[in-house]
Amino acid sequence: MDNPIVAIVGRPNVGKSTLFNKIVGKRISIVDNLPGVTRDRIYADAEWLNRGFTLIDTGGIEVDVKNEIHQQVKYQAEVAINTADVIIFLVDAKEGLTPSDQEVAELLRRSAKPIILAANKVDNFNDIPEGIYDFFALGFGEPVMISSALGLNIGDLLDRVVERFQKIEKIKYGEDVIKVAVVGKPNVGKSSLINAILGEERVIVSDIPGTTRDAVDTPFEKNGQKYVFIDTAGIRKKSKISESIEYYSVLRGFKAIERADIVLIVIDALEGITEQDKKISGFAHDTGKASIIVVNKWDLIEKDHTTMDKYRKDIRNKLAFMQYAPIIFVSVKTGKRVTRILDLVKFVSDQYSMRIQTSILNRIISDAVAVVEPPSFKGRKLKVYYVTQSSTRPPTFNFFVNDPNLIHFSYQRYLENQLRASFGLEGTPLKFYFKKR
Ligand code: GDP
Ligand code: GDP
């Protein structure tokens, strides 16, 4: 988890996708169809020297087919700058330096991200193209010469990439700080919402000593509770270009969720739950984060006394795996219920960190087992001997049983519902492990 992101950037035809395939090889773990993506595979997990990373082929990101090529390349470079931890800037040694290379370089130079220049299509190291020296003028030092097609020197390139990982410092926050990711499609009102919360009375926006203006997080305090909005740099002073790329916002959302405790899934009331929201919510659930669904722009909905209930049901249907997430209907525009969001975050954080006394836990579970008989299979019945809570954030339970194979999904859900009925545990997923005693 929390792999660094490496992006390959460069004008069309320099060999980005060839290099991507070479590095990723057969170890592809993510294949995804995201909006605005033209290639089958655009990001995948890879590994070098035991260091895992996520590789992105930015050449597959398309903003708008009507755009001119050089606009596309600019968009792609911007995605890389905003998303990646390390950028591979690929040029074509056979073709030599072109004005498009210079355009890309211009954009990359403005970013603080580590950039590694690689000259591709050097298929024969005894016959290095003359033009290679021109690339020094780009200002990224000596290019690493590679041949993606033949797989030459790719190891050297990856050595340099991995070297830069060590220099990426991730700020760590104490357990007393509630880490909040605000995610959702472009234009749902994420930045408006964040700014509204930060502008609330009694919210004190603090500086973390030692961080620069590049800091991606926004720490603050309210009523003595410390919070931090994760990865808000791109949202608060946002660039309209990259925010309009859905793909980019999904990936950015994933990264923020990995570092967060609580995820605010922001939805546009007029639009409802989209495919992208399902992806992001699924990721939050799978990675064991607590979630709150924030339906924004509630002012734009024509309402009667049934509207909210209908809306709630619709969300429950579409995000069926996330019945536990509280839903709050707000309008940043009118300010309606905005001040309640932080209280809800604090509440959910407490649920997420809940530790249940073992004796009470076992009493609830044995009552539950007495009321609804456990499943049997081929004449053998599941026996639950005892339960312990092994950890929090999210609450995680070990069930010691006669045979873990006898547990059935629906019975597990029943037990989960019993725990929720007794302890609340609102907003948080629960993890259950069944072990043979
Ligand atoms: P992209 O548009 O930057 O993703 O470029 P592609 O990966 O699609 O490659 C463009 C063309 O360059 C294809 O015809 C590749 O076969 C070719 N190519 C890629 N890498 C190399 C290489 O190392 N050597 C040679 N000779 N050709 C390459
Ligand atoms: P982001 O891309 O998710 O950060 O969205 P923004 O915060 O930039 O908001 C997108 C647009 O929605 C802006 O024009 C906001 O003024 C507008 N907006 C945000 N919240 C609300 C709301 O509660 N009601 C209405 N009507 N518009 C809103």
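Note: Cβ is positioned from N, Cα and C throughout, glycine not excepted.
Bear in mind that the values here come from a model prediction, so they are computed numbers and not experimental data.
Features reported for this protein in TrEMBL:
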DOMAIN    4-169  domain 'EngA-type G'
BINDING   10-17, 57-61, 120-123  GTP 1 binding site
DOMAIN    178-353  domain 'EngA-type G'
BINDING   184-191, 231-235, 296-299  GTP 2 binding site
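Around the Cβ of Lys16 (GTP 1 binding site), the same chain contributes Ile8, Val9, Gly10, Asp57, Thr58, Gly59, Leu90, each under 8 angstroms and 6 or more positions distant in sequence.
Here the candidates are the binding-site residues Asn13, Ile61, Val122, and by Cα distance the one nearest Thr232 (GTP 2 binding site) turns out to be Ile61. Across the fold, the C-alpha of Asn187 (GTP 2 binding site) and the C-alpha of Ile61 (GTP 1 binding site) stand 20 Å from each other.
Between the CA atoms of Trp298 (GTP 2 binding site) and Val122 (GTP 1 binding site) there is a gap of 57 Å, rounded to the nearest whole number. Long-range C-beta contacts of Val122 (GTP 1 binding site), restricted to its own chain and to partners at least six residues apart, with a cutoff below 8 Å, comprise Ala93, Ile128, Pro129, Ile132, Met145, Ile146, Ser147, Leu152, Asn153. Close contacts with ligand 2, defined as a Cβ under 6 Å from any of its atoms, occur at none of the binding-site residues Gly10, Asn13, Lys16, Trp298. With a 10 A radius on its CB, Lys190 (GTP 2 binding site) counts 26 other CB atoms from all the protein chains.
Candidate binding-site residues: Gly184, Thr232, Trp298. Not one of them has a Cβ under 6 Å from ligand 1. For the binding-site residues Asn13, Thr58, Asn187, Thr232, the largest tally of other C-beta atoms within 10 A is found at Thr58.
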